[in-house]
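Colleague: This is the structure I have questions about; it appears just below.
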Amino acid sequence: MRLVQVLVPKGTREAILGELDEEGVDYAVWEETGRGEFEAVVSFPIPRSGVEPVLDRLRAAGVEEDAYTIVQSTETVVSRRIGALRERYTDLRISRDELVARAADLAPETSTYAAFLVLSTVIAAMGLLLDSAATIIGAMVIAPLMGPAISASVGTVVDEPDLARRGIVLQVGGLVLAVACAAVLGTILKTTVLVPPGLDITEVPQIAERTHPNFLSLFLALGSGIAASISIIRGAGSALIGVAIAVALVPPAATAGLGIAWGVPLVFVTASTLVLVNLLAINLSALVMLWLSGYRPQRHSRVEGARSALLKRSARLIGALLVLSVVLGSVTFASFQVATFEQETNAELDAMFDGPEYEGTSLVETGVEYDGVDFVLGNPAEVRVVVGLDESDPPPNLASMIDTRLTRATNEPVSVQVVYTLSQQSE
């Protein structure tokens with residue numbers, strides 16, 4: 001429920017009260033003595049989905065846009081008379097004016113935004129280097145990148161160009177600031193004792209996780225954008241925290257910065273792809289959800305312009321996502337091929353050592369060093385096979401035989417290393 005208070009301009013009192021009577025809204029009226037151009041203050045309770053249509057009627061009756069209209073959230077309204085309004089306004093979405101106000105709050109002042117972004121980036125970078133998932137989640141919670149994406153989408157849909165422009169600027173500036181901050185921090189840490197010398201960041205699990213974006217990342221981001229839109233449309237802003245954790249914008253941006261600091265271009269490219277896909281998909285799904293939810297500019301003459309701006313921005317977002325999908329598709333296909341190679345290698349080795357020609361030997365362990373980069377560049381997979389012997393001589397040219405068999409089975413170049421272990425069995 002919402003409590004609405006409206007300043008009534010002189011000469012419009014009867015028309016405004018008549019509109020409220022036609023809507024079946026109970027109201028209270030006070031004489032207004034503070035400003036000469038207004039004669040009264042009208043206050044009335046109404047379900048939140050009824051705020052927008054009722055205010056539209058009041059504006060048509062003479063309520064001026066430059067006057068004060070206050071919409072307050074109420075804990076409860078105790079009255080049997082409100083039942084008819086509840087039955088009429090059953091939609092769960094908030095009004096257009098309330099949506100714009102919430103979207104403006106999600107695009108904070110530049111100093112506040114930059115401070116939270118730098119702090120979240122520092123925390124994320126530390127969590128990545130420490131391989132600490134809990135620390136990274138903390139960075140996601142305070143990261144402010146999600147808000148401007150929603151603000152830009154709201155500004156586009158309801159034709160508030162200043163809000164849309166500010167949301168876009170904060171997103172672009174925020175990404176650049178996050179990457180630069182992580183790069184500077186990484187460069188400084190490399191010269192201290194806080195980071196082990198010779199650290200290979202590609203071997204850190206939390207960093208490696210953000211250097212393998214695939215199409216699942218795109219679907220996750222689209223779903224997160226829908227969830228973020230629903231949360232603000234329904235007035236459940238607390239759900240944005242969960243969405244921020246799910247889509248994770250700052251950690252991949254910090255990963256890209258660390259890639260610059262350590263001089264690993266592949267880390268920078270793949271992590272940048274992930275964060276761009278996430279952010280673009282959130283913007284696209286938020287635009288579509290807000291428009292489908294029925295939000296439009298207040299003036300009907302501006303609806304067509306808003307629709308045109310929506311289509312143009314959506315086309316740009318889709319085009320950018322299609323370009324980035326080339327990287328996503330490559331990583332997805334390479335990951336599939338690597339997983340297939342590992343499965344086929346293990347199956348071939350198990351079948352090989354189960355044969356009678358290798359009696360007296362046993363397959364102890366298999367290790368495969370092969371990733372998507374090796375697949376794309378055509379580098380051979382490195383296979384390490386540990387073979388157990390029961391006091392018999394090792395089979396001659398075993399590494400070559402394994403190499404030939406795996407190459408034939410997988411159709412991939414292979415480099416095989418065989419390590420023997422001698423075992424004895426007590427009687």
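Any Cβ shown, glycine's included, is placed from N, Cα and C.
The transmembrane segment annotation in TrEMBL covers 112-130, 136-158, 170-195, 215-233, 240-262, 268-292, 317-336.
How about a rundown of where these features are and what they're close to?
Modeller: Sequence-distant contacts of the transmembrane segment (112-130), counting only residues of its own chain at least 6 positions beyond either end whose CB sits under 8 Å from a CB of the stretch, comprise 136, 138-140, 142-145, 148, 170, 174, 177-178, 181-182, 185-186, 189, 195, 199, 201, 204, 206-207, 210, 250-251, 253-255, 257-258.
The list of residues near the transmembrane segment (170-195) in space but at least 6 beyond its ends in sequence, with Cβ under 8 angstroms from a Cβ of it, reads 107, 110, 113-114, 117-118, 120-122, 124-125, 129, 144-145, 147-149, 151-152, 250, 253-258, 260-262, 272, 275-276, 279, 283.
Away from its own ends, the transmembrane segment (215-233) comes close to residues 92-94, 99, 102-103, 106, 146, 149-150, 153-154, 239-240, 242-243, 246-247, 274, 277-286, 289-290, 293, 321, 325, 328-329, 332 of its chain (Cβ-Cβ under 8 Å, at least six residues beyond either end).
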Colleague: Would you kindly list the residues that approach the transmembrane segment (268-292) from elsewhere in its chain, counting only those six or more residues past its ends and only Cβ-Cβ distances under 8 Å?
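Modeller: Long-range Cβ neighbours of the transmembrane segment (268-292): 145-146, 149-150, 152-154, 156-157, 171, 175, 179, 210-213, 217-218, 220-226, 228-230, 233, 247-249, 252-253, 255-256, 259-260, 310, 313-314, 317-318, 320-321, 324, 327-328, 331.
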Colleague: Near the transmembrane segment (317-336), which same-chain residues lie under 8 Å Cβ to Cβ, leaving out any that are not at least 6 residues past its ends?
Modeller: 212-218, 269-270, 273, 276-277, 280-281, 283-284, 287, 371-373, 375-376
